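Novice: Feature list, courtesy of TrEMBL:
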DOMAIN    12-305  domain 'Amino acid transporter transmembrane'
TRANSMEM  20-37  transmembrane segment
TRANSMEM  44-64  transmembrane segment
TRANSMEM  84-102  transmembrane segment
TRANSMEM  133-154  transmembrane segment
TRANSMEM  174-198  transmembrane segment
TRANSMEM  219-240  transmembrane segment
TRANSMEM  246-268  transmembrane segment
TRANSMEM  280-305  transmembrane segment
C-alpha cells in the first residue's frame, strides 16, 4: 500500500507521507470492514477476487521483470559459505521458508467449509478435483515468479522479494499506471486472504460465546469479535516486526499440518490392514513429514544463530 501510494502520488505527496505503523492501521481497518461478512459462504465472491488478483499480479510481476533489461551488476554465482555443513543448514532454512510460503491450509478449510456433503454425494469427490485445479493455478503463479525473478535479478534480489526488486530497479522504466495496478492487486489479494485465514478463528469465538451463554451471537457481539481480532493482529505486527526472520523456523514447525498429520489421520480413520501397502505408505509419508519438519526447524534455528536475531520490539521497518 505504501509503494502504491508513492507510485500514484509521485513527488507531490512525499512531503508528509504516512509512517509504516499508520499504513498497518489503514490495512487493519480495511480488513475489519471486510471481516463483517458472517461466514465462508458469504465471502465466496471475495475469495474469487483474491484468486483472480493472485494469478494476475503474479503474472504481471514476472512478465514485467523479464521484459526489462537486467541490472548490469547481476550475478548468478551461488552464495559462498564457510563450510559444507553451513551450506546444508542454509538449504534447509530456505526449504523451511518455501514450506511456510507454500501453505495450502486456507484452500482446504475453504473447500471443506463451503461444500455440502451427503452419503449419496460425498464432498471428497469434487473436493479432490477442486484441490488439483487450485494447486495447478498455484504452481502457475509461483514457479514463473521464482524462475523469472532469479533470471531478472539474480543475487541482487532484495529481502523484500520480487515486488521490491521491481519497484527498486524498474520504477522509472515501467509506466506508472501499470506498476500501480500491480501493487493494488497485491493489496486486494492480501485483503481477501485475511478473511479466509481469519474465518475459522471467528467461528471459534462465536461457538465459544454461544456454548457459554446459551444464546445466539448477535451482530454486535460478532462485530466486536472481529474488531478485537483485527487489532490483535495490528498489535502483533507493530510489536513483533522481526517475525519474518523466523519464517524458516515457523515453516518447519508448521510442516506436519500439511505433510504428516493428514497421513496419520487417514490411517486412524480408514484403518487399513496392518503391514499392507497402504499402511506402510501412509506411515512412511507421515514420518517423512515429521523428519522434514525437524530438519527445516534445525535449519531455521541455525540461520537465527548464524545471522543473529535482532529483537527490535515496536520498531517496524520504514
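Positions of Cβ are set from backbone N, Cα and C atoms, glycine also.
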Novice: Please report, as numbers and ranges, the same-chain residues at least 6 past the borders of the transmembrane segment (133-154) whose CB is under 8 Å from any CB of it.
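Specialist: The answer is 51, 54-55, 58-59, 61-63, 65-66, 68, 70-71, 74-76, 102, 104, 107, 162, 165, 169.
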Novice: Does the transmembrane segment (174-198) reach the transmembrane segment (246-268), going by 3 or more CB pairs under 8 Å (6 or more apart in sequence)?
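Specialist: No, the transmembrane segment (174-198) does not contact the transmembrane segment (246-268).
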Novice: Could you pull out which residues elsewhere in the chain have a CB under 8 Å from any CB of the transmembrane segment (44-64), counting only those six or more residues past its ends?
Specialist: 34, 37, 110, 114, 137, 140-142, 144-145, 147-149, 152, 162-163, 166, 170, 174, 178-179, 181-182, 185-186, 188-189, 191-193, 195-196
